[in-house]
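Novice: Before anything else, here's the structure in question.
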Amino acid sequence: MIMRMTLTLFVLVVMTAASASGDALTEAKRVPYCGQTGAECYSWCKEQHLIRCCDFVKYVGMNPPADKCR
């Protein structure tokens, strides 16, 4: 009984952590337009106060600005 409850709690914690780490990518799926270029998309991402904007720009299929992303 305790083993089952522990396993359930563990699964809930892992699922919560995984969903929190993907916030920027989830936002990318919701937003259909963020600019014509990678630099515009990066600026839009920063205006939205999102984190991991370089990954966000790559995820939507653009090249992030070289001076901001490595």
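In case you wondered, yes, glycine gets a Cβ from its N, Cα and C as well.
On a predicted model such as this, the values are computed, not experimentally measured, just so you know.
So Swiss-Prot says this about it:
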SIGNAL    1-22  signal peptide
DISULFID  C34-C41  disulfide bond
DISULFID  C45-C53  disulfide bond
DISULFID  C54-C69  disulfide bond
Novice: Using the alpha carbons only, what distance in Å do you get between C53 (disulfide bond) and C34 (disulfide bond) once rounded?
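Specialist: The separation of the Cα atoms works out to 11 Å.
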Novice: Please list residues from the chain of C54 (disulfide bond) whose Cβ is under 8 angstroms from its Cβ, counting only those at least six apart in sequence.
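Specialist: Counting only residues 6 or more apart in sequence, the Cβ neighbours of C54 (disulfide bond) under 8 Å are Y42, P64, K68, C69, R70.
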Novice: Does DSSP give C45 (disulfide bond) helix, strand or coil?
Specialist: helix
Novice: How many other Cβ atoms are found within 10 Å of the Cβ atom of C45 (disulfide bond), counting all protein chains shown?
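Specialist: The answer is 25.
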Novice: Minimum Cβ neighbour count within 10 Å among the disulfide-bonded residues C34, C41, C53, C69: which residue?
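Specialist: The disulfide-bonded residues C34, C41, C53, C69 were compared, and C69 has the fewest Cβ atoms within 10 Å.
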